Amino acid sequence: MLYSIQFLRGIAALLVVFHHTAYKGQVYNTGTFGWLTIGSSGVDLFFVISGFIMCYTTHDKDITFTKFIMHRIKRIIPLYWFFSFAALFVYIFAPSLVNSSGGNTSVVDSFFLLPTESKYLVQNGWTLTYEFYYYIIFSLIILFLPVEKGKYIILTVVLFAFPCIGAFFKTDNLYINFLLSNWLVEFGFGVLLFLIYQKGLVNFKLGLVMLIAAFLMLIFVNQYPSLTIKIDRAFLIGIPMAMLFYSLLSFEFILKNRKNVISNVFEKIGDSSYSLYLSHPFVLSPVAIISNKIGIKNSSLFGLLLVGTALIVGFLVYSGIEKRMIYFTRSKKIKAQLYN
């Protein structure tokens, strides 16, 4: 696995945690991360990563449609259902504690990751719906098309074409809007980045330029969040996130060979990013409530408690639950290769 990918996963997960911590800071008047308006951009980065990583991990591999989809189900669903059942338990006895920010909760849609206007039991679950939609598009094109050359270009065209069709043919139909969603563009950015990487076009100097440009763009959007109303988020946020991705790809040698405390921390967060992503909503609410009750109003301390606890729990979930689930859902052949 590329070290830059783990680093990017760590950044994406932290941004999402910061975003939800900022919301808790708003609720309890601490002002924590009140300056950060683009914390949710971690989701955009996750989509770009997925677009790239599916191409990277399956390229030149002998894999069928069924095996690919089953592998993704085994990798994603067990931990997601673990937290969905935990949320369902709370929802049955204290429904106001689930999705406390408001809105209806759909139990069936939650478990089967179906497109819905309601909320899922696990508030981040909606992103997994788009992940699986991308997996289906990816597998149908990459694994089914008889042509060998140009598959990734065709995939990129489809991922950009669907949102373009959606932009021209407006509808109120939930399912059509889902199928033609602009979120697909960000997966498309990931596929484009894979093509660039595959062709050996990742350049360190250009990576530095991309990094500076990405930061400037994100700072500008953070300062003027109303821009997302005028310019679609998939482009406004997706483009700088793709540029950030490119820059870290160009730093792969440095990240791999010059380890330090910061890179090690981000690598660990990257390893546990899925556990952190799913578990942190269950952590932030009780920690915020307790912090408020004991009178913690200091912005920095409030943020440190929430983010720190979320990171610790995320790592514990990864070590104690997610890794075991991965082991038990792998085939006997793979287990033998790992442990012999």
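Cβ coordinates are placed from backbone N, Cα and C, and glycine is handled just like the others.
Taken from TrEMBL, the feature domain 'Acyltransferase 3' applies to 3-318.
Summarising the annotation, TrEMBL assigns transmembrane segment to 7-23 (among others). Cβ atoms under 8 Å from those of the transmembrane segment (7-23) belong to residues 32-34, 36, 38-43, 45-46, 49, 101, 124, 244-245, 248, 255, 263, 265-270, 272-273, 276-277, 280-281, 284, 303, 306-307, 310-311, 314 of the same chain, restricted to positions at least 6 beyond its ends.
Beyond the transmembrane segment (35-56), the same-chain residues lying 6 or more positions past its ends with a Cβ under 8 Å from any Cβ of the stretch are 2, 5, 8-9, 11-20, 22, 127, 130-131, 134-135, 138, 142, 152, 155, 159, 183, 186-191, 193-194, 197, 218, 221-222, 225, 233-234, 237-238, 241-242, 244-245, 277. The transmembrane segment annotation in TrEMBL covers 35-56 (among others).
As annotated by TrEMBL, transmembrane segment applies to 77-94 (among others).
The transmembrane segment annotation in TrEMBL covers 128-145 (among others).
Sequence annotations record features per position, and here TrEMBL assigns transmembrane segment to 152-169 (among others). Using a Cβ-Cβ cut-off under 8 Å and counting only residues 6 or more beyond its ends in the same chain, the transmembrane segment (152-169) has close neighbours at 51, 55, 134, 137-138, 141-142, 145, 176-177, 179-182, 184-185, 187-188, 191-192, 194-195, 198, 234.
Look at TrEMBL and you will find 175-197 (among others) tagged as transmembrane segment.
The transmembrane segment annotation in TrEMBL covers 204-222 (among others).
Counting only same-chain residues 6+ beyond the ends of the transmembrane segment (234-255), those with a CB under 8 A from a CB of the stretch are 2-4, 7-8, 11, 38, 41, 44-45, 47-49, 52, 163, 182-186, 189-190, 192-193, 196-197, 202-204, 206-208, 210-211, 213-215, 217-218, 221, 227-228, 263. For 234-255 (among others), the entry in TrEMBL reads transmembrane segment.
Residues 13-14, 17-18, 21, 24-25, 28, 30, 32-33, 79, 82, 268-269, 271-280, 282-284, 287-288, 291 of the same chain lie 6 or more positions beyond the ends of the transmembrane segment (301-321) yet place their CB under 8 Å from a CB of it. The transmembrane segment annotation in TrEMBL covers 301-321 (among others).
Counting residues 6+ beyond its ends, the transmembrane segment (128-145) has Cβ neighbours under 8 Å at 47, 50-51, 54-55, 58, 63-65, 68-69, 72, 76, 80, 113-115, 151-152, 154-155, 158-159, 178-179, 181, 183-184, 187 in the same chain.
Residues 44, 47-56, 59, 115, 129-130, 133-134, 137, 152-153, 155-156, 159-160, 162-163, 165-167, 169, 232-235, 238-239, 241-242, 245-246, 249 of the same chain lie 6+ residues outside the transmembrane segment (175-197) yet bring a C-beta within less than 8 angstroms of a C-beta in it. Averaged across the domain 'Acyltransferase 3' (3-318), the predicted model reaches a pLDDT of 93.
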